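Asker: I am attaching a structure below and will ask some questions about it afterwards.
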């Protein structure tokens, strides 16, 4: 009964709303204003009026056109409405680009090309001229009546042997959703249910015996057998570098052990308190270093073969005679939340770089999550979609890199290098002018929206006041409250967040919105038109664009929306309904595609042998706009080029929040299809011999022979608890699992799909599909489900990225680190000291939350490898090092003030240990630099900021984490600003901005205390009758060690170079000397009361 009720759930109803702009006097009032020139939305016309559903579906050629011209809104206990709007006219939005369109079938819902003969001439089966494709014609003839859908007359006979090759047969929705007939829901079953089943709810189909090219008379002899080639290669670091590196780690562990043992048995009896604090700190530092160093034992290098990828998936073969792309689809997620801190121009450039990526257009879809629900972001995305019709063909025609227009036009190198086309200069000049105009429009959107809204609101106030006067109402005028609405360009209320918040129109209370900015592309390539003297010649360029969708999830008071993680899960569900790409690439709004081939390189790992065990491919983060000296270690190269590459040799890198290509089924909480007991602690250094595979491909496996795991079995009654009550979402899970499998073209590929399974066109979008997508992003949808618990991005931490990756590794998945020769993605990072500290504070706070949660690596399953467990344990422990680090930074000052040291005397044994520890650390750094490729200065900057962050943000994170765990006080973090400084003449203006924060107090105190202690120690020793020079040298040496690490922090407090007056340094020195002399006067070193003790000038 449960499954039956679940299967027969009613399809949501769509109601259509008017877009009337108001009265004529308002139109005349607004028409003269400057903002009326904003033309993203076409004004109300006869085809843009409220009409019934049936008439609306007849007024357009396909449902897909209707979807692209409507904005869908809805939410909890609210009707899903389709507001008829046109974001742009696909055929005339950009007059400079005309698409050479062909003839398409007129059957409703079919978007295939009509029948042609072998000469490419259109064939009309009926004299009425009704256009029909070969598949629909066969359906009409096969139904028995043979009537023309146009004139209702009988068809005349046609010789189909003279017809050109038809497209692959399409599947009906009933066939595409036939998987719900199963009574079990098990991931492993996806891989074997291939007999007599068709899977294609998206763009996949399992080829049967008659759909592998033989139906079209293809000769398999034309496709010779090709040697199998791997898509990726893994190589270890050279033994000449790695072996000494491992030996040094072992030697340093031994030296640290001997040193700590010596320190414990040789206490300083004269200052036992100083000795005790120092020993405790040193033991913790050794433990922390061990956690950080052990996972670095197995670094690896990886490489991909893009030529082999194209040969396997995009070259004519017996299973793919047409050579169409057999690559799986990718859904790209871009998240933004606040247009003030994340400028729309930055987000728009990121979108343009995604749309221009080198990946099959029909397999790529981009989803923009606006978690703030701002009209500014919406209209900026509409402008970006319009400009993309010029920018993307320009990039394809001239092979532009990078494909972010702002970065491309800002390049300091010669833009004409290696360009040989004679029209490149003219095209580039034209596109540059268009982009400048595009930027001006984006920058003026905020003011345009404000003035437009003011005009409409003024008119509304006039109308209400006029009605009040006509009614002779006794109510005082003061109680007539008219909301200050935010208005769209077509004269309707914006359903999202208003500039002046109002009920149901604020950041935490607004409806869900879905707008298809760019239609799903056609199946066949579309060439542009030749040049007419004023436009680009696009006759040889495919001008199709990937699908672009704007999404704002519903937010209501009383619901926990879970910040970024909740927004990402909403995108996962909506994209599963609309495009269902088996792979998901998530990017921050300021991280753009720098390498247009990055998506293909990531796909090489997913489609290679054992690719079905990879949950995600993480790309390194690279940043632009960093000051040349990288004062605050913003590049973080030690982490991305050392730690992450080392983890790649174990179970894979951690997920760092952006630039990550996910397998959709891994996000759904499933386990990998095959698991081996290879979780030994040394499996990365001493791999086991693999048993040869005995299964050639999935179709050869008998489903009856598969023993299912009990914990994976789930019947339909339990599906709503895991994924929610959306039938379409549940149906898409199985299809995503099938589409994401590598090709079964090698005996080692145990769970693979047949070649040619993904060459089918996608099903067109229709209003019920968008309505279901609105349903799954409602605020109530996740109630009583496992979203955020075991499905999707995991909730409960401000660093949801690390927790999400940990859960996947804990289930047995592997991840891969893809370092490309040309940076895959580039973004921005806060170069201001205050912003940088707040960013580190958020990361460290999330780590503390992880340590006190069930995501602690100590509680991990046996599927998490030992060294991987240590790496995740270090993620949760490293902020606690700040407690010991701050104490240790004060120890040199305490030593100088007290005249004692951490050891009794600076004997030879202590100095030898100190020298051995220091030299081993330097040698390890040199070898890390050798195998990772980083520079010595980058390593030193990382060491400096480790101490800066450890004495400021990490300590605050520990306190915040303890408050949340013990007192339940929720933590709020500041969104990292992506905007530049106000000084447009200085690229690094933000670097010199001083913004006070309480995080600066501990390191500033450490600097001042150590400076005063050095001055006091020198004076104390000089004026002493029995000076202890060894104690002075020891204290001064460690004080300078602390000050050297804090030098970037002190430099950040000084502001812009050259603007700090010299008198500041003079005053600082005088104050330090005065305080030291005061201390000497209060406590004379010789025991008498005279200032200066027994010291006398000669």
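Any Cβ shown, glycine's included, is placed from N, Cα and C.
What TrEMBL says about a protein is an automatic prediction, not a curated fact.
Feature annotation from TrEMBL assigns region 'Disordered' to 1-25. If you look up TrEMBL, you'll see 371, 801 marked as active site. Taken from TrEMBL, the feature Mn(2+) binding site covers 564, 588. The transmembrane segment annotation in TrEMBL covers 871-894, 906-927, 1004-1023, 1029-1050, 1062-1082.
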Asker: Anything within 10 Å of residue 371 (active site)? Look among the recorded positions 564, 588, 801, comparing CA atoms, and list what you find.
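Answerer: Near residue 371 (active site), where near means Cα within 10 Å, the recorded positions are 564.
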Asker: Enumerate same-chain residues with a sequence separation of six or more from residue 588 (Mn(2+) binding site) and a Cβ-Cβ distance below 8 A; give 'none' if the list is empty.
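Answerer: Once residues fewer than 6 apart are set aside, residue 588 (Mn(2+) binding site) is near 334, 335, 657, 658, 827.
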Asker: Within 10 Å of the Cβ of residue 564 (Mn(2+) binding site), how many other Cβ atoms can you find? Include all protein chains, please.
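Answerer: The answer is 20 other Cβ atoms.
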Asker: About how far apart, in whole Å, are the alpha carbons (Cα) of residue 564 (Mn(2+) binding site) and residue 801 (active site)?
Answerer: 10
Asker: Quick one: give me the count of other CB atoms within 10 A of the CB of residue 371 (active site).
Answerer: 23
Asker: I'd like the number of other C-beta atoms within 10 A of the C-beta of residue 801 (active site), please.
Answerer: 24
